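The feature transmembrane segment is assigned by TrEMBL to 283-305, 332-352, 359-380, 400-419, 431-454, 482-505, 512-542, 554-573, 585-614.
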Amino acid sequence: MAGVSLALRLGVSFIKFSSLFLLLAYHSHSFYLPGVAPQDFITGAELKVKVNKLTSTKTQLPYSYYSLPYCPPDHIVDSAENLGEVLRGDRIENSPYVFQMREPQQCKILCRITLNEKTAKEFKEKIDDDYRVNMILDNLPLVVPIPRFDLENAVVYQHGFQVGLKGQYAGSKDQKHFIHNHLTFTVKFHKDSQTNLARIVGFEVKPFSIKHDYDGQWKNENTRLTTCDPHARRAVTSSESPQVIEDKKDVIFTYDVAFEESEVKWVFRWDTYLLMADGQIHWFSIVNSLMIVLFLSGMVAMIMLRTLYRDISKYNQLETQEEAQEETGMEIGVQFFGMILVTMMFAALGFLSPSNRGGLMTVMLLLWVFMGLFAGYASARLYKMFKGTEWKKITLKTAFIFPATIFTIFFFLNALIWGEKSSGAVPFGTMFALVFLWFGISVPLVFAGSYIGFKKPGIEDPVKTNKIPRQIPEQAWYMNPAFSILIGGVLPFGAVFIELFFILTSIWLHQFYYIFGFLFIVFVILIVTCAEITIVLCYFQLCGEDYLWWWRSYLTSGSSAIYLFLYAAFYFFTKLDITKPVSGILYFGYMLIASYAFFVLTGTIGFYACFWFTRLIYSSVKID
């Protein structure tokens, strides 16, 4: 009855805990700290549009906006970028697009360019690879609204607009490339009824391709076009007469801008962009995982309490003495676990605003650096438990093995990006900053934590001297190490694979992702699943008189990284349209880094769960 009572208490506690974070997930979509103060604009105030990188889901290689011969301003000025923005490949610059607040403009001429063979080829290549142009106004990204016909009055927003499109003239079989040279912008604003000031809450565009004509001589922005004339109320509403991309062709770039009043307040302006189109799938995934974890928690509590009580009672009537074994220390993922946990908490509470581009990556890097103190402390304590004496050696391993592996892969991938002349390549100055964060801050903190941990009194591993009599035959199929590793990896991966799909879609298909409330719940479920399955299999192992549980427990839950990498390969071949070898290498290289980090994270969770479990059960054993 005691086991059943504890199991019920565990279940009720878990339901309360889960309900709290489900409530957090529900509200997290509308609450965030903006990262920038709201800006009020009077009528006629100047609005400057900034341009960002060109992106493609086909190549995954970003390029700067002015890598194509678009109309430049008098002087190109780079905006200040944080570390995360540089690592993301963002290159934010000024542009010749200038609006006046709440003053519509029609058929505004930017410039005229004459294509040559080289520039025409560059435009065609970008169109073939489905590149999109990204812009920013008042820290809001430019989006193209796409109506969803399966839902009434529903709209999906896509990042940026396409450089151009491919098509054929009527009656011709030759495929041509056409450029989007006319942009119809819509700036949505929320007006203060008392002060008449306005704040920008939306930035949308509809791109068109049109072959502009004009009478007389070219007079730059004062030229009067016949295809787009505000005086004659002739506007561009379609691409029926598109602008073809060919050598020695003139291309005239124009734009319209309209202003639309909105009821959306400034603080909620990101809600439209971050609206979940598949919210029911997230809820189904969470509820399904919670039911599995709740069932597994009850089973573990009941089986462990009943079985352990019987085993420990028998053991306390026996006298056994066996020789203790020696084991070396191991590196763990305390540093990575701490980084993920703190990042998830800040993101779920809304402290990492989407308006702060690169903020998430910057925070993760800084947290990784400062978590080195805890990594050094944890590794030293465990190393001392296993009777290790060379604490400097284990400290060096903790400080260098994981980061060095990641940095080597990252450096190789960055060299490939450099070879493609992409803006996604990390500059040498930023690379030096990363090395400084590693050697100048992280490594000293690891040594400091290791020194503190090694000087404290050691803890004993009770399994080395106190052993449960074997209860399960050694030949049992569930005692096989391969089975433990395979089954141990399936359950943690099964708890996260649905959310993993949305994360991969956000990263590789350039879609918005800001449902960190759901992600935090999934992270908690992952921790519980890793811990419980490792405890069960660790108990089976100890009952089989196999007392070398340390690496087995690490690999049991850590093997979920294998399934993650296999799923990434499945996603690559079924969801992505990547054809270039370099882009494929980049994908699998980055997913290898992610899988390695996931292995360290889940392995650490499994190890500490088993470590806590063995100390708990052996504390009940009477030693004479």
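Each Cβ is built from the backbone N, Cα and C atoms, and glycine gets one as well.
TrEMBL: automatically predicted annotations, no manual curation.
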**Request:** Return yes if the transmembrane segment (359-380) and the transmembrane segment (332-352) have at least 3 CB pairs under 8 Å (sequence gap of 6 or more), otherwise no.
**Result:** yes
**Request:** Answer yes if the transmembrane segment (512-542) and the transmembrane segment (400-419) have at least three CB pairs under 8 Å among residue pairs 6 or more apart in sequence, and no otherwise.
**Result:** no
**Of 332-352, 482-505, 585-614, whichever stretch has the most CB pairs under 8 A to the transmembrane segment (554-573)** = 585-614
**Fill in**
Among 400-419, 482-505, 585-614, the stretch with the most Cβ pairs under 8 Å to the transmembrane segment (332-352) is 585-614
